[in-house]
Structures are given as structure tokens and as C-alpha cells.
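Record features (TrEMBL):
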- 50-69: transmembrane segment (TRANSMEM)
- 100-120: transmembrane segment (TRANSMEM)
- 126-149: transmembrane segment (TRANSMEM)
- 186-204: transmembrane segment (TRANSMEM)
- 210-229: transmembrane segment (TRANSMEM)
- 282-300: transmembrane segment (TRANSMEM)
- 320-343: transmembrane segment (TRANSMEM)
- 364-384: transmembrane segment (TRANSMEM)
- 404-427: transmembrane segment (TRANSMEM)
- 448-466: transmembrane segment (TRANSMEM)
Amino acid sequence: MRRDGICVSVAVGTLGAAVLGAVAFADTATASNVAAGLGDQRDLEVPTWLYLLTGGTAIGASGLLAALVTDRTFVDAIHEWSVPLFGPRETRSTRRFSALLGRTGGVALFAAVVFVGLVGPPVPTANLAVLVTFVGVRSLLPIVAVLVVDPWPTVDPFRTVATAADAVVPDRLSDALEYPDRLRTWPAVAGLFALVWLELVLPITTDPEALALFALCYAGYAVAGALAFSPEAWFRHGDPLAVLFRLYGSVAPIQRDDGGYRLVLPGSWLRRPDVVADSSEVAFVLLIVWELTFSGFVVTPPGARTIEAVVFAGVPPRSAYLLVLCVGYALFLGGYLFAAVATRRTAPTYLTGRVLAVRFAPPLLAIAAGYHLAHYVAFSLNLAPALVATAANPLAPPVNPTTLALPAWVGALEVATVVCGHLLAIWTAHATAFDRFPGRLQAIRSQYPFVVVMIWYTVCSLWILSLPASSPPFVA
């Protein structure tokens, strides 16, 4: 076990040095990333060939982990290590206070988004509603969910309103309706699909009033679903934001467990079988990965040319974005499912391709976490001063809010987050394989198709980061 630990340290150190060396000494090219339609185009120093290095890094990392770490006791020790932070008794009063504070704050902030969106200034970078939605909820809260702990169950205003309404409304509809098992998490998949498309084709990033109306519509949808099927069932399976934050939170180093909180190694709980329970949640995980890739792709020259080609072929612009969203998602999902089927050939097993797809889906959340950090860390830092300034005076904010000028090394940080997410995904897939397959060689060989898919996903993401960005065509 000690020898395995030393080998892992050497392997990770070698890979880390290689990546850092590439970032430090590579020739660089211009790259930019426009998130949520709010950030100005910016130039970042990013190695143009680093996305090619990622493939070799991924293969090397996978080979090292597979060849050197075959001690199941050591693998289990890493994933089962935890330290209790607060137990149920210690946190009972604290949880009540924090829950009350979070729920009250969440509802108040949602009310502020609607109010300021309707009556506040029309400039998006000076409007609290737009900044809270896209800098706060769209960008920062998922970062907190990945790096610290999932905050959404506490601050979710829709859950708070639905739970309160469910408690006071007599003879509620959910007494007669149970959430159908056959639906699983498919409503959340459809909901996230709709959110991704509508965010792009509706002017909600530039028109605060449209954003306020959209927020009210989403609130009605979420609360109605919760009252129909019970808040617990709906926010576990049907609400796309709740499912999104739950899955992001599974990567975090702080996890809720038996009423308390435990400190764990980042990503170590991704091996747990309850993170992704069925095929619908596999589809949701793949949609998270593709959504982040798609959002970056459509603002690059190849993405713009793709959309323009579809539009010039006779497809309306908004439908063109939907078509590209669907086709790209089908490719990502199809590639992953093909890897699950191929695993039965590289590592013969009685397990079906569907079972393997479910078990190996959680590691992709580490890749999604890296993608999100790469896309939104710089965006959040850039607009953080504007958010603070507008929060201080929502109805009369500065005409030209301050934004941060980011140093060149932020580009290297974006690339590093993608690479780190990929390496964490490889390790988690390695641990999952040893948890699922009895033979060491079988466990090692089972990872090959999934590692190839992970390399494909990551190369796509780094390629997008290496491209210049501008506003998406036809909907800007």
C-alpha cells in the first residue's frame, strides 16, 4: 500500500510538472471566452498545442494509475477517507439557523431579481437582476458547489416557496399523484435542454425585463411541479436546477451525510452508486458536459460558421441553434454509450452496456466541473466588482460599473482546470473499475473505451478555449 502511494505521488508529480512546464514555456496564441453574453472579449495567453498534450497526458495518467495502483485496499482507503465536521447533534441548531437564513435570503434575492429586472436600469452590466442571475447563480454557485459544498438546497427559492405552499394548502394535488417511476429524471433532462436553448435565443442576458418575466415563468413551473408530485420527489428528479447542483455537489470536498457534514477528498464520492442511479441521469450528466462545450463552441469562428451554414440551408436561426444543440448532444451521448458497449469487449463481463454506462457516468462530472471552472472563473472575476456596485444601489447603480482587468495567467488557469478535471475523472473511473470488476486485468481493460471518450471530450474543450470568441451570430 505504501509503495502504491509513493508511485501515485511520483506519477501525479510528473504529470503536474509536465503540464506546468507546457504552460510556462509554450508558444502562445490568442484565446478568449465569452460567457452568458455579458463579458467583453478578452485576450488570454493560452498554449495553442496544450490541448494536444492533454491526450498524451490523459493516456499517461491512465496507464500509470492502471499499472501502479492495483491495490484495492489502497484505492478504497482513498475513497472512503473522511473526517466528520459537524454531527447531527452539533449542527441541529446551526442548521436551523443557516437554513432559515439561506431560505429567507434566497426568496428575497429572487424577489429582488424580479423587481429590479422590471423597474431597474436597462443596461445589463448595471442591472442587479442580470448580474445576480448570470454571475451569481449561473457562474458562482456552481463553483461553490464544486469547490466547497452544494448550497442550492438551502438557498433554492423555488423549493422554499413550494415547501411552504405544500404545508399550508389543504387537499393538495400531490395527495392523489405520485411521481411516476418511469419518468425518472427525464423531466430534468428536458428542462435543462430547454434552459440551455432559451438562454441563447432569448434576450435574457441583455434585457432585464425579459429576464424577470422568464424567472417568473420558471418559478411557476418549478412550484407547480412540486405541488403536483410533492417537493421531495420533484426536486430530486424533475427540477433541472436542483438536479444540476446535486450532481455538481457530488464532486465537492464537503458532503452531507446522515444529517451531518464530512470532509472528503475531492471527487471521492463519485464512486458511490447513488450519484447516478439510472439511464436518465446518465443522459443528464452527458448534457452537462455537452452544454458547457456547446456554450463555448457557438461563440467561436467554427461554431459561427456551423450556425451560418445551417441557416443558409433554410433553417430559421433559433431552430438552427436547437438543431446544432441536438446533433452535438447526440454525438456526445452516442460516443459515451458506444464506449459502454465496447467495454464488454475489452473486458468481457456479464454486466450489460446500460449498467456500465450508469456506473462510469459519475467520473464525467469531474470533467464537467473542470469545464465550468474554465468557462466561468474569469467571467465571474471580471464582473464581480459590477455585482458589488449594483448590489449597493440596485435602482441607481453606476452608469459604467467597474470590471477587473485579468492577468494573462488566468488563461493558463483555465486550461489547468480542464486538465485537472480530466485527471480526476481518470482516477475516479479507475476506482470505479476496481469496485465493479473482480479481476485486476479486467478492471484495467474496462477503462480503455471510457478513457478514449474522456480524451475526446477534453480535447474538444481545450480546442474551444484556444479559439477567439465573439458574439453568436443571428441572436446577439
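Including glycine, each Cβ sits where the backbone N, Cα and C put it.
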(request) Run the contact check on the transmembrane segment (100-120) against the transmembrane segment (210-229): 3 or more C-beta pairs under 8 Å, excluding pairs closer than 6 in sequence. (result) yes
(message) Short question: most Cβ pairs under 8 Å with the transmembrane segment (126-149), which of 186-204, 210-229, 282-300, 364-384, 404-427?
(response) 364-384
(request) For the transmembrane segment (320-343), could you work out the same-chain residues 6 or more beyond its ends whose Cβ comes under 8 Å from its Cβ atoms? (result) 193, 196-197, 200-201, 282-283, 286-287, 289-290, 293-294, 297-298, 306-307, 310-311, 349, 353-354, 356-357, 360-361, 364, 446, 448-450, 452-453, 456-457, 472, 474-475
(request) Determine which recorded stretch among 186-204, 210-229, 404-427 has the most C-beta pairs below 8 angstroms with the transmembrane segment (282-300). (result) 186-204
